[in-house]
Structure formats: C-alpha cells, structure tokens
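Undergrad: The following block contains the structure, expressed as structure tokens.
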Amino acid sequence: MCTYRKCLLATLDSIRRESVCVNSVVASGVGKERSIKKMPTCTCERTLKDGIENHHECQLNSSADKQSNDNDEFDYQNNSAVRYRDGSVRLRNPNIELMDQDILYHLALGSGSHDLVEMFGDVKFVCMGGTPKRMEQFANYIMKEIGHKIPAGTTLLDISQYSYRYCMYKVGPVLSISHGMGIPSVGTLLHEIIKLMYHAKVKDPIFFRIGTCGGIGLEGGTVVISDEAVDGMLNSYLELPVLGKIVKRPAKFDRQLIRELKALAHRDDPYDTVVGKTMCTYDFYEGQARLDGAFCEFTENEKMDYLTKIHKAGVINIEMESLSFGALAHHAGIQSAVVSVTLLDRLKGDQVLAPKEVLNEWQIRPQILVARYITRYLQRKGRLSLEGHGSMCVKSPRRYKLVQQESETYD
C-alpha cells in the first residue's frame with residue numbers, strides 16, 4: 001500500500017475514533033466536545049483529501065525528512081487539524097484540558113488565576129522582538145498609530161512584570177512581547193503564547209517577529225521579510241530532540257502575509273525592503289562564521305567561502321530566532337511573518353560599528369512596516385478607535401497570588 005494511502009487511512013481512522021468518542025460522551029451528558037477531541041495520529045506534511053494538513057515528522061512516511069514543497073500555501077482558515085471551526089486556536093496537547101489550571105509560568109499568568117478571555121480575547125496581532133526596551137517602544141508606537149487611548153495619568157502596563165523574564169504590553173488588539181535571544185528563549189515563549197491564545201479563545205491570530213539581523217550582501221538598515229527560514233546546514237526545519245528522538249518541524253511563513261507586507265513598503269522609504277531566505281543559527285559567533293568570538297577554529301578564507309556558499313543558496317540575512325518562530329507558529333496553524341533589519345553586511349565584517357543613534361533608527365524600520373499592516377487591517381474593520389488597556393482581570397485572588405509567588409521565587 002502506498003505511503004499516501006497509509007497516511008489517509010490512518011487519519012480517517014483517527015477521525016472515526018474521535019467521532020465515536022464524542023458521540024458516546026455527548027450521549028451520556030458528560031464533558032464537552034472540545035475537551036476530548038484528539039489530534040490525528042498521522043503526522044504527514046501532505047495535505048490530505050479531507051482538508052487536514054499536519055506539520056510534524058510523519059511516523060508512517062520514511063521519507064518525511066525530505067524538505068516540503070516551498071510553493072505549498074497553508075490554508076490557515078480551513079485547517080481543521082489545528083483550528084476550531086470559529087478560527088480559535090486548537091492545541092495539539094490533550095493534557096491541558098485535564099489540568100486544574102494551566103500556569104503560564106514565564107508570563108506570570110494562569111488560566112485559573114486570571115480571566116484570560118476578558119484580558120486577551122480581543123487580541124488579533126502578537127508582535128515579538130528580542131529586548132524588553134524595543135517592545136515597550138513598539139507598544140507606545142503602535143498605540144499612536146492605531147489611535148488607542150488609555151486613561152489620563154496612566155501608562156501602558158507590563159502584564160508579565162512579575163515573571164522577570166519577558167515583557168508583555170497590550171494595546172487594544174495588539175500584544176507587544178519580548179522573546180529574548182535565541183531558539184530556546186523564543187521557543188519557550190511561543191509555547192506559552194500559543195496556550196494563551198487558546199485559553200483566551202483568540203480567533204485567527206497573526207504572529208510577527210520584529211527583530212535585527214546581519215545581512216548577506218545587504219547594507220545596514222535594509223528591511224528583510226523572511227520567506228523561508230533555514231538552519232546552518234540549510235535545512236528548512238527545526239530539529240528538536242524529544243524523548244531521545246529527533247522531531248523535525250518545517251518552518252513555514254504565510255505567503256499571502258509576506259506579499260501584503262512587501263506591498264506596504266513605500267517607494268519613498270529611505271531604505272530598501274526585500275524578501276528572501278533567512279538563516280537561523282544556534283549562536284551569535286561560531287555558528288554565524290564570525291572571527292571575533294572567544295573561540296575561532298577556521299580561517300577568514302573559510303569564513304568567506306561559507307558566507308558566499310549560503311548567499312548563492314539564497315540566504316540574505318542571519319539571525320537566531322526565525323526557525324523556531326516559523327516552525328512553532330506553523331505547527332500551531334498560526335499565520336506568521338518575520339520582519340527584521342540588517343545591522344551590517346557580513347560580507348564586509350563581523351562587528352556592528354554603526355553609531356547607537358543610527359542603530360536605534362534602523363530598529364524602528366521593521367516596526368513601521370508591521371504597523372502599516374496592522375493599521376490597514378484595522379481600517380478595513382473600522383476598529384481604529386479602541387478602548388481598554390490590558391488591565392489585569394483577576395479571577396481568583398488566591399491563585400493570582402500563587403502565580404506571582406512562583407514567578408518571583410524561581411528566578
């Protein structure tokens with residue numbers, strides 16, 4: 001039997017078992033349909049005839065480690081494997097429904113201690129960047145751009161201030177969050193943000209990473225929209241050891257979102273906005289072929305040969321988060337895009353030498369492009385005048401204090 005047919009039969013069998021389970025529970029009047037739905041067991045990347053597409057390594061397909069077709073566009077609106085019918089996020093983890101409360105430890109939030117639906121139910125855009133300062137600046141910038149009003153004499157609230165790890169600001173339908181540096185940090189955040197979207201019943205969210213990078217053949221200050229993320233071996237998937245086995249999750253970004261972002265680049269912008277392949281590395285120095293780290297066991301010629309090789313393969317910038325960002329968002333069925341600005345051309349050097357005031361101006365450029373997208377979306381929806389400012393809606397004072405204590409104690 002062909003591999004495709006095996007995948008199809010396995011998926012249909014999973015759906016059949018789910019249907020039987022749902023019917024038996026509903027008939028007995030116990031539980032809710034949402035709480036017992038299971039994910040299809042086939043993990044093939046192929047889009048099946050019933051409209052289900054999965055994104056992790058297929059256990060039935062021996063050739064699953066091959067790169068997926070980059071021209072395939074993921075239908076986020078109609079993907080029943082990772083979305084409920086109303087567009088809300090559907091977790092790939094049945095254990096969450098069995099928990100008394102889900103503590104989002106690194107955000108200092110909890111599903112039992114906070115009214116997450118009241119706090120975050122109107123979120124549409126989740127914007128992430130490396131540093132707390134940059135994302136605080138973006139929160140204030142987007143507040144002006146969309147005309148968001150907060151009470152006189154107040155300031156934006158860092159909702160996750162008691163986590164001492166990430167910052168998070170809510171500006172109407174926009175979350176502005178710092179994700180730290182590197183794949184582990186952004187991966188940890190994404191797990192909890194995706195769960196936050198689930199608990200808050202957010203519908204069809206869009207994730208943006210707004211960051212910095214090193215250009216390959218691009219001058220400093222160039223805005224890059226990533227259309228693909230690869231690792232240092234040019235693989236377009238995230239490799240994650242799970243239970244002693246390597247799980248591969250393709251890093252894909254929404255093609256339509258990329259096209260719309262590119263169309264919002266203005267001709268009179270004093271900088272270029274380009275679309276291309278992004279390399280995501282596991283460290284800043286050796287993994288990015290830098291000669292100025294504490295360790296260097298290659299020559300300058302070897303460095304240049306490598307950078308030239310990846311440039312010929314289509315890589316136009318290097319950073320440290322896009323692979324995890326794209327893979328986890330895609331695995332969750334969430335539209336995502338990465339917009340970053342180059343701080344230097346790596347073909348010309350390793351160190352960032354631009355003055356601080358120049359770097360600050362450059363870092364605003366990706367924010368401007370993402371803000372244009374958000375503003376245009378809200379204009380179309382007639383939602384530019386917004387109320388509320390992300391205040392804390394405490395559902396259980398005891399549990400709220402518990403979350404705070406845990407975040408404060410385990411630094």
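Cβ from N, Cα, C; glycine included.
The shown structure was predicted, so the numbers you read here are calculated from the model rather than taken from an experiment.
This is the feature table in TrEMBL:
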DOMAIN    124-374  domain 'Nucleoside phosphorylase'
BINDING   ARG165, ARG209, ILE210, GLY211, THR212  phosphate binding site
BINDING   GLN288, ARG290  substrate binding site
Undergrad: Using a 10 Å radius around each Cβ and counting other Cβ atoms from all shown chains, which of the binding-site residues ARG165, ARG209, ARG290 yields the largest count?
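TA: Result of the Cβ crowding comparison: ARG209.
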Undergrad: Please list residues from the chain of ILE210 (phosphate binding site) whose Cβ is under 8 angstroms from its Cβ, counting only those at least six apart in sequence.
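TA: In sequence order, the residues whose Cβ lies under 8 Å from that of ILE210 (phosphate binding site) (at least 6 apart) are CYS127, MET128, GLY129, ARG134, PHE138, VAL339, SER340, PRO366, GLN367, VAL370.
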Undergrad: Where does ARG165 (phosphate binding site) sit by DSSP, helix, strand or coil?
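TA: It is coil.
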Undergrad: Let's check the environment of THR212 (phosphate binding site): how many other CB atoms sit within 10 Å of its CB?
TA: 20
Undergrad: So, in DSSP terms, is ILE210 (phosphate binding site) helix, strand, or coil?
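TA: Its secondary structure by DSSP: strand.
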Undergrad: Between THR212 (phosphate binding site) and GLN288 (substrate binding site), what is the CA-CA distance rounded to a whole number of Å?
TA: 14
Undergrad: What's the CA-CA gap between GLN288 (substrate binding site) and GLY211 (phosphate binding site) in angstrom, rounded?
TA: 17
Undergrad: In Å, rounded, how far does the Cα of ARG290 (substrate binding site) sit from the Cα of ARG209 (phosphate binding site)?
TA: 24
Undergrad: Using Cβ atoms only, which residues of the same chain lie under 8 Å from GLY211 (phosphate binding site) while being at least 6 residues apart in sequence?
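TA: Non-local contacts for GLY211 (phosphate binding site): GLY129, GLY130, GLU319, GLU321, VAL338, VAL339, SER340, VAL341, PRO366.
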Undergrad: In whole Å, could you give the widest CA to CA gap in the phosphate site formed by ARG165, ARG209, ILE210, GLY211, THR212?
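TA: The two farthest binding residues have Cα atoms 20 Å apart.
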Undergrad: How would DSSP class ARG290 (substrate binding site) in three states?
TA: coil
